[in-house]
């Protein structure tokens, strides 16, 4: 077999075919000598192979068993060349799968470096980079000075995400042909790939998985077939709470390889970070069956089992009314894995429920808030926090949470809870208005009007024009509050509603902002009313 130092046959337009010196003017009839008859018999066998009447290489070799090896090799070489021509034609039409088949037949007939190189090109076009790499390696094995073959090896390594191996192959090309400009471009790509991978690893070391995923995305622009990089990206996505995206990635890979340990590990992570610990444990066990020393699977497997155990013990303590014990168990569980947002959201909610039972109302509110930071769709956390707000007389906050719940789930129960929360808020508002006007809850409207005028004069901005900036701001705030209080109570009086009615004069079930729109309630603050109720 000849050298492949030229570009002949490397997905270039094929050269003119030759006939390998086959006989053209053999005699016919009974005039043939025994020697000529033998030559004719061999020629007919060759012609049948040329015409593809006998496509099987094994059968062709059987027919030519009596022919000398030199002629057989020459014939097979020519047939292989014809297959390469067909492969090139299919490649030119973007029919890459068909081209692979033609080059495979060419290799079976007569293996040379150009056939492997060309089949490698076809495999790259259909994203079969591992097959492309194997073909490129065969090509340079057949001709160790095949420059294009070494470049193709480097390209395949880049496509598979292995920058170091790519540089090794490309440096071999530089040794053969230092002035080759294509080599410099491919080396730059390999180095850029390595830079992206290194920056991603550095970010992951700092638990900055957003940045790590960003750099992996950049690396995957070079490594189109970099499965290891893609699987690593899926792993980092689970750490970011984006398990559904990670699962899409690994499911696509599992279609073609359902026993790949690193993919099964990430799938287990998806279940783990979706708070499906039983399914996660199953996948981690499968990984450890395939790769007993898979350290990541071991560690997460142990965490999953521990979380399950803590939740079971905490639930049992709660059922037994051992709230202090349950509180401690849930606190311990929250320290197991700070990245497990889904599980931790439920643990915070559980601890909030226990804290409410223990009378730790501010802690219950704080835990509900933490639960909602991790999962803002947790209806139970909103309900628990809203009820605890009511217990601590933070009625406005309670109304906001009940409104969110009702928007999320428009049930009759949630509508009733919202109505009751608004009623409590209105009652609290009335108490606060009486308080700031300095009158009792049984005061007549004339008494309310007189008190308002007194308060308005006391805090009017013109009266404090020479005061400090802070004092001016404080008096302006109080002036607006008194105005709001009087406007609201006057509005009730004008409507014929009893300002002393504990049910707030039969207010209809409307939003608080609508009820106070005319009085400019946007200036009102309601942060500290609980200090006097």
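Glycine is treated like the rest: Cβ placed from N, Cα and C.
Automatic prediction, not curation, is the source of TrEMBL annotations.
Marked as domain 'J' by TrEMBL: 432-494.
Long-range contacts of the repeat 'TPR' (147-180) within its own chain (CB-CB distance under 8 A, at least 6 residues past either end) are made by residues 4-5, 7, 10, 113, 116-117, 120-121, 124, 129-130, 132-133, 136-137, 139-140, 186-187, 189-191, 193-194, 197, 219-220, 222-229. The repeat 'TPR' annotation in TrEMBL covers 147-180 (among others).
Model confidence over the repeat 'TPR' (261-294) stands at 95, taken as the mean pLDDT rounded to a whole number. Marked as repeat 'TPR' by TrEMBL: 261-294 (among others).
Positions annotated as repeat 'TPR' by TrEMBL: 379-412 (among others). Residues 345, 348-349, 352-353, 356, 361-362, 364-365, 368-369, 371-372, 418, 421-422, 424-425, 428, 512, 526, 529-530, 533 of the same chain lie 6+ residues outside the repeat 'TPR' (379-412) yet bring a C-beta within less than 8 angstroms of a C-beta in it.
Sequence-distant neighbours of the repeat 'TPR' (261-294) (same chain, 6+ residues past either end, Cβ-Cβ under 8 Å): 228, 231, 234-235, 238-239, 241, 243-244, 246-247, 249-251, 253-254, 300-301, 303-305, 307-308, 339-343, 346. Within the repeat 'TPR' (147-180), the DSSP-based counts of helix, strand and coil residues read 27 helix, 0 strand, 7 coil.
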